[in-house]
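Pulled from TrEMBL:
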- B:Leu20, B:Asn27, B:Lys156: xanthine binding site (BINDING)
- B:47-157: domain 'Phosphoribosyltransferase' (DOMAIN)
- B:Ala128, B:Asn129, B:Gly130, B:Glu131, B:Ala132: 5-phospho-alpha-D-ribose 1-diphosphate binding site (BINDING)
There are 2 protein chains.
Amino acid sequence: MELLKRKIEDEGTVLSGQVLKVDAFLNHQIDPVLMLEIGKEFSRLFAGEGVTKVLTLESSGIAPSVMAALEMKVPVVFARKQKSLTLTDNLYVERVYSFTKQQTNEVTVAKKFLSADDRVLIIDDFLANGEAALGLANIVKAAGAEVAGIGIVIEKSFQPGADKLKAAGYRVESLARVASLDNGKVTFLNNSVSEEDTHVQLV
Amino acid sequence: MELLKRKIEDEGTVLSGQVLKVDAFLNHQIDPVLMLEIGKEFSRLFAGEGVTKVLTLESSGIAPSVMAALEMKVPVVFARKQKSLTLTDNLYVERVYSFTKQQTNEVTVAKKFLSADDRVLIIDDFLANGEAALGLANIVKAAGAEVAGIGIVIEKSFQPGADKLKAAGYRVESLARVASLDNGKVTFLNNSVSEEDTHVQLV
């Protein structure tokens with residue numbers, strides 16, 4: 001998605017060979033017009049999948065997911081991250097390890113919001129090691145529902161997440177695929193899913 | 001806002017005289033079409049205020065805020081809740097006590113995302129005791145910026161938050177104002193800000 005790649009080039013910050021900071025438009029400050037375009041792109045990519053629900057993880061997944069769900073006219077559910085839980089009777093719970101933050105969160109979804117006939121599109125802001133997306137996919141399976149696909153805003157293709165998810169049989173579509181962050185510079189893979197050049201005025 | 005009040009009546013759950021649960025469309029599962037209508041309504045109400053930025057609090061404030069910001073064509077910033085902080089040099093930090101959760105969070109915004117010439121619309125999902133909104137307003141003031149107004153999705157008018165915010169000089173617009181949750185029933189105040197009856201198909 002050219003619009004997203006340009007925004008990453010213009011406003012992203014490479015903090016190291018591993019870390020790309022996009023808090024100017026995705027993770028802390030959010031560009032809502034870009035989010036709408038991202039939502040339209042996910043909707044276009046997964047149009048044939050019969051999606052009935054979007055599932056994401058708080059907080060940075062919410063904005064792109066709400067826009068995708070708006071385009072698809074389905075509800076979103078955002079899984080909650082919690083340090084520890086006592087009452088879990090009505091919840092699906094997965095333990096998800098974050099390599100970036102070096103901590104494990106319990107990720108939860110209320111059972112009443114996923115049913116066995118749901119076809120669920122999982123959306124997340126970043127894909128690195130794939131732990132979060134796999135945790136969400138496990139919750140979908142625990143509900144007896146199907147994963148319709150996994151939509152990622154920014155994939156760090158030099159980390160193993162995308163390969164892990166594909167090996168597990170999931171369709172993964174990433175709107176920007178970062179090949180490398182070496183030498184303080186973002187290098188994209190050529191084969192990002194959409195090469196249209198939109199002329200949208202971002203904020 | 002009639003559409004919102006109907007949704008609260010149809011899908012909200014009164015857990016006690018103090019607690020209204022809206023996790024079916026706002027706090028865990030999200031209806032994106034309702035969020036868009038909420039965003040339009042905030043945009044209409046604050047159209048004359050010269051808003052340059054929307055400020056909210058993760059996670060439940062993000063969806064309505066992104067839609068309001070989309071309508072207004074301005075960025076959103078979501079403040080982060082954290083238990084404790086060590087490095088705060090580049091952050092505005094406010095301590096916010098939650099009566100519901102009976103815990104204090106440190107609420108933070110990166111300094112680079114608020115500037116002295118911003119006119120900031122603060123949006124939150126609930127208004128009860130007003131602690132969160134006052135914390136966000138203090139962050140706006142710390143940046144030397146101005147609070148253009150405070151937009152609330154659901155106001156619990158039987159709690160003191162709205163009066164506190166108005167006494168502090170802020171314009172407060174709440175889309176649904178709950179007079180009482182007594183006897184397991186939601187009773188609205190009559191004078192909610194908008195009485196149009198839209199015919200939007202929610203999801």
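The backbone N, Cα and C atoms fix where each Cβ goes, glycine too.
As the structure is a computational prediction, the values presented were derived from the model and not from experiment.
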Taking just the CA atoms, what is the gap between B:Ala128 (5-phospho-alpha-D-ribose 1-diphosphate binding site) and B:Lys156 (xanthine binding site) in Å?
5
Rounded to a whole number, how many Å is the Cα of B:Glu131 (5-phospho-alpha-D-ribose 1-diphosphate binding site) away from the Cα of B:Leu20 (xanthine binding site)?
18
Based on DSSP, tally up the residues of the domain 'Phosphoribosyltransferase' (B:47-157) by helix, strand and coil.
29 helix, 48 strand, 34 coil
Ten-angstrom check, please: count other Cβ atoms within 10 Å of the Cβ of B:Asn27 (xanthine binding site), all chains counted.
16
If one measures from the C-alpha of B:Leu20 (xanthine binding site) to the C-alpha of B:Asn129 (5-phospho-alpha-D-ribose 1-diphosphate binding site), what distance in angstrom results, rounded to a whole number?
14
Take the mean position of the Cβ atoms of B:Leu20, B:Asn27, B:Lys156, the recorded xanthine site. Which other residues of that chain put their Cβ within 8 Å of it?
B:Gly12, B:Val19, B:Lys21, B:Val22, B:Asp125, B:Phe126, B:Ala128, B:Ile154, B:Val178
Under a three-state DSSP reduction, the secondary structure at B:Asn27 (xanthine binding site) is coil
Please report the Cα separation of B:Lys156 (xanthine binding site) and B:Asn129 (5-phospho-alpha-D-ribose 1-diphosphate binding site) in Å, rounded to an integer.
9
Taking just the CA atoms, what is the gap between B:Asn27 (xanthine binding site) and B:Gly130 (5-phospho-alpha-D-ribose 1-diphosphate binding site) in Å?
18
Could you tell me the mean pLDDT over the domain 'Phosphoribosyltransferase' (B:47-157), as a whole number?
95
Name, in the order they occur in the sequence, the residues of the same chain whose CB lies under 8 A from the CB of B:Asn129 (5-phospho-alpha-D-ribose 1-diphosphate binding site) and which sit 6 or more residues away.
B:Phe99, B:Gln159, B:Pro160, B:Gly161, B:Lys164
Taking each of the binding-site residues B:Leu20, B:Ala128, B:Ala132 in turn and counting other Cβ atoms within 10 Å of its Cβ, which one has the fewest?
B:Leu20
Same-chain residues at least 6 positions away from B:Gly130 (5-phospho-alpha-D-ribose 1-diphosphate binding site) with a Cβ under 8 Å from its Cβ, in sequence order, are B:Pro160, B:Gly161, B:Ala162, B:Lys164, B:Leu165
